[in-house]
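Colleague: According to Swiss-Prot, the protein carries these features:
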type	residues	note
DOMAIN	23-188	domain 'FAD-binding PCMH-type'
ACT_SITE	Arg167	active site
ACT_SITE	Ser217	active site, proton donor
ACT_SITE	Glu287	active site
Amino acid sequence: MITELHGIDIRENEPLKHYTYTKVGGPADFLAFPRNHYELSRIVAYANKENMPWLVLGNASNLIVRDGGIRGFVIMFDKLNAVHLNGYTLEAEAGANLIETTKIAKFHSLTGFEFACGIPGSIGGAVFMNAGAYGGEISHIFLSAKVLTSSGEIKTISARDMAFGYRHSAIQETGDIVISAKFALKPGNYDTISQEMNRLNHLRQLKQPLEFPSCGSVFKRPPGHFAGQLIMEANLKGHRIGGVEVSEKHAGFMINVADGTAKDYEDLIAYVIETVENHSGVRLEPEVRIIGENL
């Protein structure tokens, strides 16, 4: 128990595999669940004062945490998940579930968020990665975000300053952490929005191995190619290392089929990169983030 942070939900030596989509990850020294910005500021101020590292994990949907875990503080925004509407502007805290947020937009007959209706993760992670699917991406509707700097300052970043690119945003370099974001939506027809979301979710269910733990799409799309196609052409569908294998359903996904570890994921990613490059001459670049310490 850290007496200076009394009243905040903090768990010591907590295995992170219970909180990641891959179901892998070693322990965090301290796993914190702030309920508001004040508690978040207290955690960051304490960590900075004690020279302890800290990071925000988000919903960990496109992330692999190594088996040795993470030192210092890991902060999760599960309790910072409010969503508000002001006219056609939707504002969501970073911990808000992305899929649930798209449902709120649909309920109010607001269009623009349909592309994200099946993307797992949080609002904060979606902004960080400029998440996208089926021709849409966060940058198309993004207005601004409140972020927490490494020094503990809260500031607002505009769409221009976010410098979005393919699965990229400026905060990947600055280290700023999204705590809330605003999006510009448009009035639409509820039935039309609902039908489009149903169509996209049906496509996702047909093509993606949603029944297994995974980190989503593992690799960025190489120019002029599709990662899944290159992996399939290299005869890697079903290839397995430890408990992790390349999905038979979609070669761009790696699934945890038998108590796999983060090392299994890393070894399989490295093997796929090398094999695909030898086969096609194209070097795949991971989209998934890998953090933490090895055992």
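Indices start at 1 and increase along the chain as displayed.
Including glycine, each Cβ sits where the backbone N, Cα and C put it.
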Colleague: Reduce the DSSP letter at the residue listed as 'active site, proton donor' to three states and note it down.
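Modeller: Going by the DSSP assignment, the residue listed as 'active site, proton donor' falls within a strand, counted as strand.
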Colleague: Using Cβ-Cβ distances, find the residues under 8 Å from the residue listed as 'active site, proton donor' that belong to the same chain and are at least 6 apart in sequence, listing them in sequence order.
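Modeller: Once residues fewer than 6 apart are set aside, the residue listed as 'active site, proton donor' is near Asn62, Ala227, Gly252, Phe253, Glu287, Val288.
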Colleague: What count of other C-beta atoms do you get within 10 angstroms of the C-beta of Arg167 (active site), across all chains shown?
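Modeller: The answer is 18.
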Colleague: Per DSSP, Glu287 (active site) is which: helix, strand or coil?
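Modeller: It is coil.
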Colleague: So how many other Cβ atoms are close to Glu287 (active site), meaning within 10 Å of its Cβ?
Modeller: 18
